[in-house]
Amino acid sequence: MKSRVGVMAVMGLCTIYFLAPIWWLFVGATKNNDQFTGTAPMWFADFHLVDNIRELVTYRDGVFLRWMLNSIAYTGGAALLGTVLAAMCGYALAKYRFRGRELLFNIVLSGVLVPATALALPLFLIFSKAGAANTFWAVFLPSLVNPFGVYLARIYAAASVPEELLEAARIDGSGEVRTFFTVSSRLMFPALVTIFLFHFVAVWNNFLLPLIMLSDERLFPVTLGLYTWNTQVNQVPELRGLVIVGALLSITPLVVAFLLLQRFWRNGLGAGAVK
Amino acid sequence: MKNRAVPIFVVPFGALFIAFYLVPIGYAIVQSLYKVERSGTFGPVREVFGGLDQYQRVFQDGPFWASLGRVAAFGVVQVPVMLGVALILALLLDSGLVKGRRFFRLAFFVPYAIPGVIAAIMWGFLYSPNLSPLKPVTGAIDFLSADLVLWSMANVVTWVYVGYNMLIIYSALLAVPTEVYEAARMDGAGQFRIAWSIKIPLVLPAIVLTTVFSIIGTLQLLAEPQVFRSFSSAVTSTYTPNLTVYSTSSIPNFNLAAAFSVVLALTTFVLSFAFLRATQRRSAEQ
């Protein structure tokens, strides 16, 4: 009994540590600038959230909304397409015997250990040479590549797609590619959601690539946009309120998506880690 | 016959992997072997082959090695603390002593949804002497001072990643069949004993995986220090290796920045590979 009380106390303290900063951000986003500095930080003053959001989305012709849309396009698009590509490659590595298979797998696996930030600078130089550095594609295309996704897809495909089923599909005259999209990918679906989530977070968090690549603020993802505002807070104090509200709005969709998709995290992570 | 489909599966990823992974690595190596030369003070600038000149500069660059030392100190302290907390929380969740497991699992995991830049901005405000809800604490202790700011950033990284690592370890624990514990319990082993002698060895692969990712993440530290430069003058433009790469490329000195990138990537690769090898050998011996 005593140990249960102790354990629950630890859980409670940890909950405060993990959630209090988010609570603080939410409360802060509901205040105007005077209240932000003048009232108790962890509790509401007058509720200005709607006004604050209106100010944020109209500031400088709604550049914040544009950043949000950019983030969704970079991250959602790259993760969706990248997951399909990684799944196909991992599936082939698991289900076919072909020359160079092990070599290919080892090269891709080494790719997992190469830090993505080491690629940002040479990518910038290459894209500059091609005259394409400050474009949407300069951030989008490199974000498609996810070697860890290939690694996971290979494990999942080996575990969840039975050989007999593929043989049966072949006897029925279904082509290999069609079998992948109609049968195998369905069996791998929970795993694919996990790969998608991993990829999504990796692109969403990649800061160096857009920082080096982009100079036109209309192409910024929301993280880079809020970062540039935050660097100007000392000169333009009213930006502080916008940074707080913007931070809250920028994390809300991801937090909600995480909570909804949480069971995929658990299942998928288990399969990846037990290997 | 059926192998005819293999290129269709492999080529799309393979082509992008070559274009945006292998080519940039090669290009960085090539760039790092060149240097910019100017004939006379105002003469035209041209790129000439410089051999290992840039690497010589890298190895003589004091701030760069200081920044590597800094992230090494960060990693040696922060990674074990973060993974230790993650492991303890996972074991507690798995112990059967916790009511409301689902809630706690979610609550601890939520910070992982917050990008490093945003987390750093939030904590920057929380640390600030006059805006923080912990004013009595931040008034007395300057978390943004030169002595403490590295550990203040360690706290930000820990806050974001504990829940994620906990979930990886917890998932591995759930995958262990409960019969494994039954026998030990019959023999009279307590919770603590079961955790130490049975559960931890069984989830070791998960811990190895999280350690490798943490090592890679630590050496790449960029978003947090870059954001903290707005909050603290103690964070210089060469505070971490990646900040050095960034500030060198904005001078711009791309050849030297490429050499920094190559050295950093190689260091990361060798360290994580060596760690994987060492742990694999140990588990093979057992």
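Keep in mind that glycine also has a Cβ here, set from the backbone N, Cα and C atoms.
Copied over from TrEMBL, here are the features:
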- B:68-275: domain 'ABC transmembrane type-1' (DOMAIN)
- B:7-30: transmembrane segment (TRANSMEM)
- B:71-94: transmembrane segment (TRANSMEM)
- B:106-128: transmembrane segment (TRANSMEM)
- B:148-176: transmembrane segment (TRANSMEM)
- B:202-223: transmembrane segment (TRANSMEM)
- B:256-276: transmembrane segment (TRANSMEM)
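Here the transmembrane segment (B:256-276) has Cβ contacts under 8 Å with residues 25, 28-29, 31-32, 54-55, 57-58, 64, 68, 208, 211-212, 215-216, 219-220, 241-242, 244-246, 248-249 of the same chain, all six or more residues outside its ends. Counting same-chain residues at least six beyond the ends of the transmembrane segment (B:148-176), those with a Cβ under 8 angstroms from any Cβ of the stretch are 70, 73-74, 77-78, 81-83, 85-87, 89-91, 93-94, 105, 108-112, 114, 116, 119-120, 123, 127, 141-142, 199, 202-203, 205-207, 209-210, 214, 217-218, 221, 224-225, 228, 232, 234-235.
Within the chain carrying the transmembrane segment (B:202-223), a Cβ under 8 angstroms from the stretch's Cβ atoms is held by residues 71, 74-75, 78-79, 82-83, 86-87, 90, 115-117, 120, 153, 157, 161, 165, 168-169, 171-173, 176, 180, 240-243, 246, 264, 267-268, 271-272, 275-276, 279, 283, all 6 or more beyond its ends. Counting residues 6+ beyond its ends, the transmembrane segment (B:106-128) has Cβ neighbours under 8 Å at 89, 134, 138, 143-144, 152-153, 155-157, 159-164, 166-167, 223-224, 226-228, 230-231 in the same chain.
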